[in-house]
């Protein structure tokens, strides 16, 4: 009996050690992300996987494609040089900040607005895109602007700040948070809500395939998207900002805007071009 | 109707099948690992080692009584706080293995209990050590009894991998999200075909389990 | 973590309430539906057996998430408007009822076949024999596995979060994404689940020992 006990004890303690073995590497705050990335010649970006025009995996080859993907690649080349590699990790609105703080990714470029609340936990680059929150309704709906949402049910996605904005502007609106924007739209179509809200650029992408629905009331917030970076990574932030400036200056930025948003009905791409 | 035809284009279906491949990969690796760890844990709990078995038993009870969704969150968002940063697929395997080991540990323990205690005594009386009696006499019978429970646990595991979509593991459910990300009108056709795919895999397994059960009986 | 709990107390409690409500409602209906299908599966009529079997196999072998999504997104389009909580609870009920049917059926099967025959010989109808002789014994046998099903049900109710069902997990997600304290939030959520599931689990273990 005794020997059996020792054997089991040994096995479990071994297991425990194995599970804890990963612990004890250097804490993130003492690492320099820019140096690490230069050494590996790679920047790891957190991007969207299911957002048309912005960041969507192509079912043909499994590659991420979209405006933010192209922009991330362009910035990577400016930061690390021509041969710099951009690695993509797909994130959701919910998982992006924990993953950044944990160090799974170096930077977030995933339709994330620069907000004071978020600034408390992470840093942002300069804004790389100016979106604005808007609402999408069925054609012929009585909802004409955000004020009409009071007393109505609005769908959106978990983890986006659109929900907070609605609470502020139309406090009597009921908000349903779905796991992703396509589901939020489908919930709207199946009558779970009377309107859907989030940033205009996302809504425009969704409306392309659904001619029975339209954006109303224009934008009622400004949502400057920024690249999320960990606190205490000043060098990396500077390098990203410099890269972004260069991408805008040499015209790459405007080319990308035209490529992805040039033909989206309900979205005026000229408003977001940069000089 | 056009939406359904477009949604079921070969490219989309192929992409979903690639997701199914990951689903099966995660399930198989997790089930093998959790069978091993679960056996060890189950035996420890059965062996009633002072304090130690109690502690292990308590951990098993706690984990078994938590939603798997939470375990997945912890693995992916919590572990990195200890400096261990798994990618999504290893994180999913880790979470599944951790959870399923505890589930299987209970199946194993009750399987051992179901084998007559007299057999253990008889084996010991023959001069076998406890470990020998366990390995040669008790476990073979216990495992035989447990096959249906183990297979149905495996089926739940396959279905449960769908929860890993929350941390963007590229499994079937997540690939479904990408497919209807191209066009939100695909959402219902995609859910239907995913249901069919899960059903085929899980039902085939449950038929297999029934077949084995009949052969053994 | 305590501050997080205090600051969001009302959200946690309302989530907890919806989770408990959904679990109890789903348990009640899935017991009824599950038992009915279990009886169908052991009826003399072949048609009844096939119907019972098809129901059980279909819903046992499809992820709960898929079933729930179906009720949330598809049913309102064509049939009747239901909210996330209702859709989630219906999904839970149907999914769980398939498992309960399996459990109850195995209970019925383990009641000696002779008893059914004897009751029928006494002039009882199939339903009478079921109601008065077989089912009472079968239920006694399956109480521990049914308890486990209930625990699974409570845990599975977290799927309501996917359909905006206002349950514990949904509130947890919302709190985590505004407070940015992901891990702490989920630890609290986990504790709330344990408050429901651990006592049931220990009570079932106790029962199992007593019955054995």
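Cβ coordinates are placed from backbone N, Cα and C, and glycine is handled just like the others.
What TrEMBL records for B:20-209 is domain 'ABC transmembrane type-1'.
Residues or ranges marked as transmembrane segment in TrEMBL: B:22-44 (among others). If one looks beyond the transmembrane segment (B:22-44) by at least 6 residues along the same chain, the residues whose Cβ comes under 8 Å of a Cβ in the stretch are 52-53, 56, 60, 89, 92-93, 96-109, 111-112, 134, 139, 150, 153-154, 157-158, 161-162, 164, 169-172, 201.
Among residues of the same chain six or more beyond the transmembrane segment (B:56-77), those with a C-beta under 8 A of the stretch's C-beta atoms are 41, 44-45, 86, 88, 91-92, 94-96, 98-99, 102-103, 105-106, 160, 163-164, 166-167. Per TrEMBL, the feature transmembrane segment maps to B:56-77 (among others).
Look at TrEMBL and you will find B:89-108 (among others) tagged as transmembrane segment.
Per TrEMBL, the feature transmembrane segment maps to B:154-174 (among others). Away from its own ends, the transmembrane segment (B:154-174) comes close to residues 16, 18-20, 22-24, 26-27, 30-31, 68-69, 72-73, 76, 88-89, 91-92, 95-96, 100, 194, 197-198, 201-202, 205-206 of its chain (Cβ-Cβ under 8 Å, at least six residues beyond either end).
The transmembrane segment annotation in TrEMBL covers B:186-208 (among others).
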